[in-house]
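Undergrad: Structure incoming, see below.
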Amino acid sequence: MSQDKKATLLSSEDAANQNFATDNQISGGCAKCGCEVLIHYHYDSGKPVPNAPFILIDSNKTEIHGKTDANGLCKIYDMGCGTFELMLDEGSDDFKPRETVENNPVLQSNPAYATLAGEYFTLFLLLRKQGLVTYDADDSSDRHVDVDGAGIFTSIPKEYRKSYDRFWELDKRINRGSRQLKQAINKIHHSLAAEVADKGGDDNAALMLFCEIALGFIPVVGQAMDVYSIGEWSWQSYQEPARLEDPLHIAEGALCAIGVIPGLGDALKVSGRAIIRALKVGTPKELQFAIRTIRSLSDGNLVKGLTKLRAELRNYGAQAKALLLKIHAALKQVLAESKLKNNWIVSLMKDSFSAMITSLEKLIAKYDSALAYIESKFNEFIGKVITRVSGSARPKGSIAKAAEAPKAPAHAESQAAKPATPKSDNSITKADDGKPTNAVSEKKRRTSSKETEDISAGSNKGEQPDHAPQQKKAGEEDNACKAGSDKCQGEGEPVDMATGYVVDWRTDVELTGLLPLSMKRYYRSGGERKPGLLGALWRTNWDMSLELENGIATLTDGELNQAVFVLPDEGAFSRAPSSPQWRLARQQGQLVLQHVDGLRYRFEHALGLQLCLSAIEDRAGNRIALLWDRAELCWIVLPDGRLVHVETQQRRIVKLTLCDEHRQPLKTLSSYQYDAQGHLLSVRAGEGRNFDYQYSPQGWLLRWSDLAHTWVEHEYDAAGRALRDRTAEGFWPGAFRYDDDAFTSHYHSGFGGVTTYVRDARNNILLRREPDGGEHRFEWVDNQLAAEIDPLGGRTEYQRNDWGQVTAVTLPDGSVHRYDYDDDGQLLAYTDPLGNAWHYSRNAQGLVETASDPEGRSWHHAYTTQGLLSAVNGPDGCEQRYHYNRRGLLERLEPGEAPAVTFFYDGHDRLTARHIAHEQGVQVRRWDYEGGRNTPSKVVYEDGSETRFGYDGEGNLTSVTDALGQRYLFRYGAFDNLLETTDPLGATVRYHYNAESEFAGVTNSQGQMWQYRFDTAGRLSEERHYDGRVYRYDYDVAGQLTRRTAPDGSRLEYGYDVGGRLSEIQACRADGASEGATTFTYDLSGRLLKAASPDAVVEYAYNRAGQVVSERVNGEEVRTGYDDGGQRSVVEGLLSSLSLGWQGGRLTTLSIGSHQPLTFSHTASGYEQRRSNGEGFALRHEWSATGLLSGQALDGVNGVLERRYQYDVLDCLTGITDSHWGEQAFRLNGAGQVTAERREQGRQRQARLFGYDSEQNLCEVSAIAPDGAGRLSAKNAAVQLSSGYDEAGRVTQRGGRQYQYDACGRLVSRRESRPGFRPQETRFEWDAQDRLVRVSLPDGARWRYGYDAFGRRVSKVREGQVPSAQAVARVAYRWDGDQLSGQTQYRVDGSVTRAVQWVYEPGSFRPLAQVEEQAGQTRLHYIVADLTGTARELCSETGEVHWRGEQGLWGPHREEKIPIPLRRYLGDAANEEVYCELRYQGQVYDAETGLYYNRHRYYDPELGQYISADPIGLAGGLRPQGYVHNPMEWVDPFGLVGCPLKDSPLGKNGVELERTVSKKGNVKVDTLFENSNDAKNWAAEKLGPGKTRMYDSNGKWIGWQNKTGDSVYWGHNDWGKGVGKSTYPHLNININGEKGHLFLRDKIINRGQWDDFSNAFK
């Protein structure tokens, strides 16, 4: 492994960013100059060079002597300000090169065996090349080596007759020999023959024979290339006899022999060759090149290391000489026998073989003098080991300033060539190319800087042979490689539209661990096939192989993708332009393939010229070994010691079994069956992974099916391309047509449209024409996407590095996003179009150690030796620690301020228990499983209650039975689509799907149907609601929504900027008149700057990390500041400014204006325990052991406020005991709705019964009065209210009120009739965006409402006459994001009558305080909110209750301001001027209508539902008008009821919106999160601790990827970008075989966008 060393001169910015500090400071003696520099001397692995002496000569010619500290640091101050020169010696650490181990004892210990084997393999390779012999691995065993010869009809060429006869003579001798000999011969057939055979591809039989005989004497298997170097040395000596007089040539021959000696032989060879070649030239460049070559062996003090190697030279030289003597004797014996018998050697080789033996004799004769020569060169070289650096000093104090502007960079004179431009062809990269010569070289781990120049040693082994012919050929072959399967654009079920081939991807096995193991398989109906572990048609990721031919290696991966490489020399690597994600390197003689994700693949088992995958490793050293025996995979060894037994028949896997360390079976992972042709017929791999297959004689997949309802059939043309699909339930009824001359394919979809694809000769899609004519164009360079042009002409360009990673993205608006990587493809920095940068420094394993955002905040990470995350430290000082079991599973989580969590697993790595160490005792949750299922059959909760789960054969959840015995049922159809759900009350809902198995509607329990229709491109075109009203949608050719037409004819028309972001919404009434335009403006980074609507202009400003620092609405600004941890700490611009203090992620203090701060204390579990201000107000919270709120009380005053909560075993609220309002008890039905409420207050008792229909609509409310004995009985119930509903679930009549709705389902009339009174009617008017804009009251008053671009109400104005000059004529509202932060009431003359500010608990809608300003006076009241976040009390700063309120269940709100005129008791409310308009979370009371404004809608407490339909449609649940099903537990702060999208809170795990089975058989999941932080945190947990890419939780996002290739990466933060669901702001995920989106709720900014978003999930 390369461990390059470098000296870095740190700029001030580098020093600050990397947190470097040292007490090792030396004065240069020039205080007048006062300049400084910070030296950081380290290896490329990141390890420091400790205690290294140095001399620095500054611009004053002053010599400054010093030594680095233990961290490789030293600061020089008061030095000359110009250029300086720095010379550094070696450090105090040790140089420890890897030692090779002897592992070839059978042949080495028996010269006769070695000689026999050498001649045997030479003949075998020569004859195999002529097609005359073939090794039969199937019939070979420890007792027999089986080789098949030419058939009786094959003529043996005359020149090969003696060779052929001699081979069979040797074959008999081997098979008559010992068992150990036959084992060794079989081993060589599979382990050594491939590269030696490839080297012998030039028909040089003499060289091949020489090498094969020598091979038998080599102690270290795997050194085949070193063997060849001995033979090649002899061949060169034969061709140029004069070279035998050159001491350098003789010395190189001696070193070739030393290199194969176990132990330090290889290190001596590498060092010796580098030294003598460098000293021969003698230039500083060559000397430094040699230093860097030797440095590739190890970190450490090179002088001490070379001294130790020099001392070993004589010992290893003697062993090598003895080895040469044995080889020489064997060669002489073979030659002597051949002369006597006039055999094949004489006929094929003539004099060349004899001459090579003569060259070897001369080497042996001069061997001792060669050792002396090498030793003298070691002595000469050791004195020249030094590192030189030149650079410029920094001004005084620079290092202490993190924001110092960049100065002139330090220039590193490393005596090597300056870095060259990275190569993009197949050439081998060497050290003097300026790039690491080892694909796993430990690269720069720190944030790159123009001011930091490294001295880096490569790992090249000196002069290299000319690879030009191979490079040319490899380039030609790689240029013919087709586009990879990851570029597949599929249609149907599924078909690759570039080729027309049916393709299929499946994952059969997934095992977690230190390095997770998966077995994935791939099928395609046409193209070249390569039989593998699953037979003739399917290929697995374990089938990855290298095919060698004349110095070229062709990689074929598990999906038949190919890449062509030149075989690299030792210490170098080569690239394949068409697959830049791979690099092929040679390390210690072995070929190693490295992927950009950091995984390394080794190939040590040979099948002829094919090398099979033998190991997978990560950067942390975790390794999966694949053990082969004579072409059959037998075992897979996992990093934790467990094994997978691979049972095969005819080299095909028939069973995979997980075994423990002692090879005892634990679990059958999968089993396979085949037909006589080797075609895979069935797979049994556990729930959801069981399939049966049928094929045509040509191997075309005709049908596959699972064990449930899903099947797919294909028809083909003569070329194996799909013509038509047929599937269960008629999904994907597509047809395919091809125009080969035009490289064009057509897909006729089930929607009636035709999608056309045009490809290039390499199967890259150049054009995709949608059914509506829109054309997407793509440009490719070496199979890498270089640009794409959308149908509107917007061009996006991609720049890439040598790894194929995108380094710059230029969007259609010209903005550029930049990504910086180190030499191994690890992200170092991201820079947004405004120049803000996020930096990442990494450890030797490539894992992020520090992530820093543009605001200077840093997150620090520590890891175990296995590369698992062990600790995270945030910029606020919070630390979270992780501990793992031996299998790499999380065993203990210590989340800083919260209790530790311990996890337990069974032998199948399934979670079985979780212990949380609460202060009330350990809380235990358990999971039980049935058989081998990975999904739990039962969960036992902390209180002992249980929930049971049932599944079908495909692993779909079919039933849930809760602790009360209530059962929920689920039924599925083809492709695991959910068809029916039945709740415990028997209500059944049915779901419908379109032609491509996407959700297309629902039939509710009452038979009403909500339907979606789609256009020819598969886009939602029509939405038909329960009542028959229809919304229609139109799109442009780029797939962007351009128009929504409502049932009444009103329209919303959408416009987009060049970047695809929503830029304008035009609202038009049914008569065509415009209601005005809403416009959106963005900055270069895509962040919203301005949203202007007819009623409001909203403007935003951001800090460098992208956090909002200013929100201005109609000129009124709310300013936000953040602390070091990124938490909101200051809010200004409101009535009273807010100051927030945080500790460990918890709110600890809150200051409101100049009032005494509130302080907060928390339980060990993180729940709020107490809040107080030190002046009398103190609110205490009590929590159950399972985290349920059990009580609230005001401390210090008995009885003034105490509230307690009771729950059932399902944690549902069943009772409230309130010191003021009395006691409440609730009874719930199977749907979780309250069916009975009993209240007791003193001696007063009453009860109510609630009746619902199957759609959970409240139909009837009955009251129960106590009988004479005070008892409450249901038989005494009397109906109070009954409601009538229409087919859409809207209330049409309730009591004496009638309700009418318009064509869009919005309330337009509320008419109340009372006997003896004139009917009272309230009229409601709406705009095209479904916003209530005007109310006309029965008394003639009219109120008009205004909104901003996001649907937030910003004003309420009374139109016409007002009753008095003191009456409120206008109300203005203030917003802080989605929180209604206040309102100001104005009189007719514009004077303020009352201003209110509401303060909420951070990140929620739970009110915390109310600030009022009236008549110049400001007063503060603290709000006490109940379980659901409803304001219940207003308390003064001294703790007195001044107001009480209670929201009735399905009824009106009641309040108490001042119960008696004179305050007598502290518990009595006082001061009738104090009141609170807040209701349920997110709601504010409108006195004029009695409605509650609820952000996106208006809630009518009398109806218990909203007065307009949910703007997000069915995404809000099956009751578009309904409020939550149980307001005693659930809230809807956004007015998007029931909708998992908008129920508050979403929770840290988000809410799953949709789960489907993709056409490839993988699961696709879309989830909604509150914001990107929550989404990232959730994703980080899913990916596990072994992530190699990550971003901090407060800045821009790039992505994470773990060791298995699972990933989470940023989609976009903009609106209207992408196609389909990808148009909405999201992250992308690919985790555990599940792909999908993580949508961000806070980026969906207005009602129109909610409509669009909702429609995407219908």
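Keep in mind that glycine also has a Cβ here, set from the backbone N, Cα and C atoms.
According to Swiss-Prot, the protein carries these features:
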- 400-413: compositional bias 'Low complexity' (COMPBIAS)
- 473-490: compositional bias 'Basic and acidic residues' (COMPBIAS)
- 393-494: region 'Disordered' (REGION)
- 821-857: repeat 'YD 1' (REPEAT)
- 939-966: repeat 'YD 2' (REPEAT)
- 1014-1050: repeat 'YD 3' (REPEAT)
- 1326-1355: repeat 'YD 4' (REPEAT)
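Are these features on the surface or tucked inside, and what touches them?
TA: Below 8 angstroms of C-beta separation, residues 425-426, 496-498, 503, 522, 524, 550, 552, 554, 559-566, 574, 576-579, 757, 762-765, 768, 780, 782-783, 785, 1559-1560 of the same chain, each at least six residues beyond the ends of the compositional bias 'Basic and acidic residues' (473-490), sit close to that stretch.
The DSSP breakdown of the repeat 'YD 2' (939-966) into helical (H, G, I), extended (E, B) and coil residues amounts to 0 helix, 13 strand, 15 coil.
Within its own chain, the repeat 'YD 3' (1014-1050) is flanked in space by residues 749, 751-755, 770-775, 790-792, 794, 994-996, 998, 1000, 1004, 1008, 1056, 1060, 1067-1071, 1286-1289, 1302-1305, 1328, 1330, 1509, 1513, 1520, 1616, 1619-1620, 1623, 1648, 1651-1652, 1655-1656, 1658, which lie at least six positions past its ends and keep a Cβ under 8 Å from the stretch.
Taken through DSSP, the repeat 'YD 4' (1326-1355) splits into 0 helix, 15 strand, 15 coil.
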Undergrad: Count the residues of the repeat 'YD 3' (1014-1050) that DSSP assigns to helix (H, G, I), to strand (E, B) and to coil, and report the three numbers in that order.
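TA: With helix first, then strand, then coil, the repeat 'YD 3' (1014-1050) has 0 helix, 17 strand, 20 coil.
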Undergrad: For the repeat 'YD 4' (1326-1355), find every same-chain residue at least 6 residues outside the stretch whose CB is under 8 Å from a CB in it, and list them.
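TA: Contacts with the repeat 'YD 4' (1326-1355): 1046, 1050-1052, 1065, 1067-1069, 1075, 1078, 1080, 1091-1096, 1098, 1113-1114, 1302, 1304, 1306, 1308, 1320, 1370-1373, 1375, 1378, 1380, 1488-1489, 1493, 1495-1496, 1498, 1507-1509, 1511, 1645-1648.
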Undergrad: DSSP on the compositional bias 'Basic and acidic residues' (473-490): how many residues come out helix, how many strand, how many coil?
TA: 10 helix, 1 strand, 7 coil
